Amino acid sequence: MQPRGERPAGRTQSPEHSSPGPGPEAPPPPQPPAPEAERARPRQARPAAPMEGAMQLLSREGHSVAHNSKRHYHDAFVAMSRMRQRGLLCDIVLHVAAKEIRAHKVVLASCSPYFHAMFTNEMSESRQTHVTLHDIDPQALDQLVQFAYTAEIVVGEGNVQTLLPAASLLQLNGVRDACCKFLLSQLDPSNCLGIRGFADTHSCSDLLKAAHRYVLQHFVDVAKTEEFMLLPLKQVLELVSSDSLNVPSEEDVYRAVLSWVKHDVDTRRQHVPRLMKCVRLPLLSRDFLLGHVDAESLVRHHPDCKDLLIEALKFHLLPEQRGVLGTSRTRPRRCEGAGPVLFAVGGGSLFAIHGDCEAYDTRTDRWHVVASMSTRRARVGVAAVGNRLYAVGGYDGTSDLATVESYDPVTNTWQPEVSMGTRRSCLGVAALHGLLYAAGGYDGASCLNSAERYDPLTGTWTSIAAMSTRRRYVRVATLDGNLYAVGGYDSSSHLATVEKYEPQVNSWTPVASMLSRRSSAGVAVLEGALYVAGGNDGTSCLNSVERYSTKAGAWESVAPMNIRRSTHDLVAMDGWLYAVGGNDGSSSLNSIEKYNPRTNKWVAASCMFTRRSSVGVAVLELLNFPPPSSPTLSVSSTSL
């Protein structure tokens, strides 16, 4: 039945039968189709006729309102997720093991390159409604399909080992990265080797690097774990041969190797010679070599191991030949991730001599107070050997000193070492081939030209050839396997002369003199050149700087420091020269400036806590710094 007052659909009334009076107009007769050219011509938009009862809008060219719903995508995916849960419009069923997972192809393909390739290429799966997957965990797949709809997933210890390979297969890189981030947070000595192997298996390069770095940095603890004991030979060899191993002493590497061998001694004893070649036996003390290594039956019964032991003992017995005897086994290890830390030791200011010390970390641009020495020392010589800092001689306000102490950055403590044979202040100190050299200085009565050498492995001082000139306020640096004693004061004049010590022949020879006379200057080596900065020429404090090239055999001037300095110290670090503290002719300084050889310019660096003249400075490569509970100071660089 038709509704009242309406015409039947599809029918029209002829004009002659239409009712008189007002009423709707009859529709216009159909028009013939326009010619092809006219149809192709773009039509001009006409203003829409106002509807009955509708508001009239102004026609403004280019005026419109853009709408952007920030929740549209979220709401759409929430709706699709609900549809999936109810099985609405699902066009694919994933079969894995005994599990069936319903989904929408378009959602999976839009999130996963793996599914995109499966459903859009000419693969048989693109036309199927049921697909079976292999080599993927059912629960992990279910979680990842749910993630495709919700963009949410929880990674934890219960699912990470199945979720990461599944995310890798489906190329869901965000989930894969989340798994790697979780594993990174779980690194511990007990599991880092396992995580490293897992990362390697699944080609997680960043996680692999981080886990490997963790193994190197925590090797002492890692070597005590079950995971280490179960490592194959190849991986043990790679670890113990690494230059980047973080060990307080080579004894830790030796003990780790023996523990691994003894875990399955019958199978592994054959590998002892190969393993011992990776242990840096020359860096062990002579007492340890004779008391432990030579006494170990696993080592003693292998001829190759006996040769390695003889090599190590020869390194100890002929210290002056260490430059010639050097091999990969005599090179100290440098911990992965370690950074340079500059130590300022002792020194003095007006009416005070300091025993306190501070250290500057370039990574944070901060100074930290570290443990004080047991003795106050100004005019002290400081150098680093291995992973320890040595403060040699100096002046305590009453007498010139022969005592020596060393700083352990791991424990943040100073320990006494064997004293020198001679009291020395204003001396030059440098390290070469694991030995500590002390030259010249003042013994309380006269300037000295004598020199001596300290071997930390044996704890003995040995006299070496004397310099040709008595030198007080001298500085010493090492370059190309030789020592250079630069300038100083001989009790009558300030010196421009320089002499070189060659350990192999135990002799000093003169080299080209500096352009200026200098005592109390700063001396350091950077990029194969010997630099001397500031000092005193007998009339004034200097800011001039010069550089010596062994190839040219001559000195040349470079940019002067911004401040006149003497009794300061100079050290190379991170490709820069740092001039630390000193005296400007009227007062002690806590300021520091650094030199860039690439731009030939000096710029200000962060100041120390304390003003220090006659200070000793050296650099250690450290992983964990600062020590616990050490005060810090961040001082902005100031205009010099």
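Glycine too: its Cβ is placed from the backbone N, Cα and C atoms.
What Swiss-Prot lists as compositional bias 'Pro residues' is 21-35.
For the domain 'BTB' (90-157), the DSSP counts in helix, strand and coil order read 32 helix, 13 strand, 23 coil. Taken from Swiss-Prot, the feature domain 'BTB' covers 90-157.
According to Swiss-Prot, the feature domain 'BACK' maps to 192-294.
The region 'Disordered' annotation in Swiss-Prot covers 1-50.
According to Swiss-Prot, the feature region 'Interaction with F-actin' maps to 287-639.
Taken together, the residues of the repeat 'Kelch 1' (341-387) have an average pLDDT of 95. The feature repeat 'Kelch 1' is assigned by Swiss-Prot to 341-387.
Sequence annotations record features per position, and here Swiss-Prot assigns repeat 'Kelch 2' to 388-434.
Look at Swiss-Prot and you will find 436-481 tagged as repeat 'Kelch 3'.
If you look up Swiss-Prot, you'll see 482-528 marked as repeat 'Kelch 4'.
Per Swiss-Prot, the feature repeat 'Kelch 5' maps to 530-575.
The repeat 'Kelch 6' annotation in Swiss-Prot covers 576-622.
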Subject >> Stretch among 341-387, 388-434, 436-481, 482-528 sharing the most Cβ pairs under 8 Å with the repeat 'Kelch 6' (576-622) >> reply: 341-387
